[in-house]
Amino acid sequence: MFNFANFYQLIAQDTRLQPWLNVLPQQLTDWQNAEHGDFPRWLKALNKIPEGAPDQIDIKHSVTISNDTPFHQGELKKLESLLRTFHPWRKGPYTVHGIHIDTEWRSDWKWDRVLPHISPLKNRSVLDVGCGNGYHMWRMLGEGARLCVGIDPSHLFLIQFEAIRKLMGGDQRAHLLPLGIEQLPKLEAFDTVFSMGVLYHRRSPLDHLIQLKDQLVSGGELILETLVIEGDETAVLVPKERYAQMRNVYFFPSARALKVWLELVGFEDVRIVDENVTSVDEQRTTNWMTHNSLPDYLDQNDPSKTVEGYPAPRRAILVAKKP
């Protein structure tokens, strides 16, 4: 069983986040009571991971944990075996006492594209919607964020996050909650909200943008990253059934159309700050994620298209302000 008591105590002392306590404990109790087949096995492995503050932590330039006195070879092999229990590792990379967790995604590349365009995170409270295993939350703390709260309903992502946190010495500035955005009340409590790689999974994208706005304080900043297509402000792709073998994907606007959508729901100062075609070096199969990946989802004869014939994945980053 997971104990979220530390997070409850934390938000009880924050006047903006206190109202969350009206619903959050029951939501997390309901989550605990819902069974997941692999969860007991993962939890058993998590409990075996050593806890203790490492001598060196770098979350500014990477996510790297090390000791001045290296682990013995036997200890390293045991730790690597435990971490591999949590396969597949999709978001990263991490370097843990010399063990390089080579994840499917080079999430550090995305962070390098995002960081130059956002307001400094120093002393800000941050919400990361669809945070995966929390890689970007560690990087946000590396930029001086006061508090990072991530939400993602995946059991495995929570376990991976807690494994890294345990190896970091139990840092309480970052917390991952196994929830979806639709379960959050209108908190208006965060200085910065990130939604990266989520919008195209939402049946109602405008509602998602409103939900994000509802979490921001007045004057707060939204960083939105999603799959887009090329085109003017009227261009939107609605894939039939699958896109790059993904199910449950719905709306792929152009970056210019997405800017209009953000303005439509009340955001100001909307900027398109980056547009980038995803390369097969950024998303690929590794020995920490051995399933199919982007190279398998592109047309072998024309990599500018997916196997379904749609334009290959193109991602945009937009930054906007809540009035």
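Glycine too: its Cβ is placed from the backbone N, Cα and C atoms.
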Site co-member for carboxy-S-adenosyl-L-methionine according to Swiss-Prot, given W105, K110, G130, D152, P153, S154, I181, E182, M196, Y200, R315, out of K91, K166, K213, K305: K91
Local Cβ density at D152 (carboxy-S-adenosyl-L-methionine binding site) - other Cβ atoms counted within 10 Å: 24
Neighbour tally for E182 (carboxy-S-adenosyl-L-methionine binding site), based on other Cβ positions within 10 Å of its Cβ: 9
Number of Cβ atoms other than its own within 10 Å, given for K110 (carboxy-S-adenosyl-L-methionine binding site): 23
Maximum Cα-Cα separation (Å), residues K91, W105, K110, G130, D152, P153, S154, I181, E182, M196, Y200, R315 listed as binding carboxy-S-adenosyl-L-methionine: 26
